[in-house]
Amino acid sequence: MRVHVADHPLITHKLTVLRDQTTPSATFRALTEELVTLLAYEATRHVRTHEVTIQTPVAQTVGLAISEPRPLIVPILRAGLGMLEGMVKLVPSAEVGFLGMVRDHDTLEPSVYAERLPDHLEGRQCFVLDPMLATGGSLLAAIEFLFERGADDVTAVCILGAPEGLEMIEKATAGRDVTIVLGALDEKLNEKGYIVPGLGDAGDRLYGTVG
Ligand SMILES: O=P(O)(O)OC[C@H]1O[C@H](OP(=O)(O)OP(=O)(O)O)[C@H](O)[C@@H]1O
Ligand SMILES: O=c1cc[nH]c(=O)[nH]1
Ligand SMILES: [Mg+2]
């Protein structure tokens, strides 16, 4: 598994505002989108391309184009939806599929409540979007879902991660082509499975849900 943890003052600055509990939902949504675009730059470093010959007004030259089949972007609802616009801005030709998942507050087990993905993912590069990698249960379920459908290359873009979840996913996906790009790797999980220091419940903060 490849892991990339962002190390850039602009990202840390935006994360600091995102973490602040006084930041309102509208700002939280705008910052999430900006952060994803910055992280997507690293997440797409290995996007499959091929050479194309084009004519500029001055000369013929060889450049790169994103290869078929197009990459598939998969936001994990609800919170991952807040990352979609930021990602498609960078890869506008990508296809988008959806996975709805919710983690049980007591058991921390994820369950799938919605799925709208292509049946066959052979040869597709998949980019999973979820702001929080806590125990890793939700992300692992999403990654397994994609591998079962034939994907051979999955990159997850997460705004915050916990060491516990990262380690779990590394063990569970050994031998697979998995990359995780994080805005920051936080300290730990608390007894309720929240990332510390974290930012609280990403879905609630994005969409203004109270309690
Ligand atoms: O790593 P895990 O322990 O599985 O936790 C992370 C999951 O929890 C959050 O979703 P949540 O279940 O709160 O759903 P929501 O997006 O609808 O708020 C988050 O967006 C991840 O999907
Ligand atoms: O800290 C956490 C952990 C899981 N889900 C969240 O939204 N936040
Ligand atoms: Mg939530």
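Yeah, the Cβs are placed from backbone N, Cα and C, and that goes for glycine too.
Straight from TrEMBL, the features:
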| type | residues | note |
| --- | --- | --- |
| DOMAIN | 5-209 | domain 'Phosphoribosyltransferase' |
| BINDING | ARG78, ARG103, ASP130, PRO131, MET132, LEU133, ALA134, THR135, GLY136, GLY137, SER138, ASP201 | 5-phospho-alpha-D-ribose 1-diphosphate binding site |
| BINDING | ILE195, GLY200, ASP201, ALA202 | uracil binding site |
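Where TrEMBL records a feature, it is marked here on the structure.
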{"residue": "ARG78", "record": "5-phospho-alpha-D-ribose 1-diphosphate binding site", "DSSP class": "coil"}
{"residue": "ASP130", "record": "5-phospho-alpha-D-ribose 1-diphosphate binding site", "DSSP class": "coil"}
{"residue": "GLY136", "record": "5-phospho-alpha-D-ribose 1-diphosphate binding site", "DSSP class": "coil"}
{"residue": "ILE195", "record": "uracil binding site", "DSSP class": "strand"}
{"residue": "GLY200", "record": "uracil binding site", "DSSP class": "coil"}
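Using CA atoms as reference points, the binding-site residues ILE195, GLY200, ASP201, ALA202 were checked against ASP130 (5-phospho-alpha-D-ribose 1-diphosphate binding site), and the closest is ALA202. Under 6 Å, Cβ to nearest atom of ligand 3: this is the test, and of the binding-site residues MET132, GLY136, ILE195, ASP201 it is passed by ASP201.
Here the CA atom of MET132 (5-phospho-alpha-D-ribose 1-diphosphate binding site) lies 7 Å from the CA atom of ALA202 (uracil binding site). Cα-Cα distance from MET132 (5-phospho-alpha-D-ribose 1-diphosphate binding site) to ASP201 (uracil binding site): 9 Å (rounded to the nearest whole number). Here SER138 (5-phospho-alpha-D-ribose 1-diphosphate binding site) is positioned 14 angstrom away from ILE195 (uracil binding site), judged by their C-alpha atoms.
Counting in whole angstrom, ALA134 (5-phospho-alpha-D-ribose 1-diphosphate binding site) lies 11 from ASP201 (uracil binding site) by their C-alpha atoms. Annotated pair SER138 (5-phospho-alpha-D-ribose 1-diphosphate binding site) and ASP201 (uracil binding site), C-alpha to C-alpha distance, rounded: 14 Å. For GLY136 (5-phospho-alpha-D-ribose 1-diphosphate binding site) paired with GLY200 (uracil binding site), the C-alpha to C-alpha distance reads 16 Å.
With respect to Cβ neighbours within 10 Å, the binding-site residues GLY136, GLY200 differ, and GLY200 shows the lowest count. With respect to ligand 1, the binding-site residues ASP130, ALA134, GLY136, SER138, GLY200 contribute ASP130, ALA134, GLY136, SER138 as residues with a C-beta closer than 6 angstroms to one of its atoms, given in sequence order. Residues from the binding-site residues list (ARG78, ASP130, MET132, ALA134, ASP201) with a C-beta closer than 6 Å to any atom of ligand 2: MET132, ALA134, ASP201. Cβ contacts within 10 Å of SER138 (5-phospho-alpha-D-ribose 1-diphosphate binding site), excluding its own Cβ and spanning all protein chains shown: 26.
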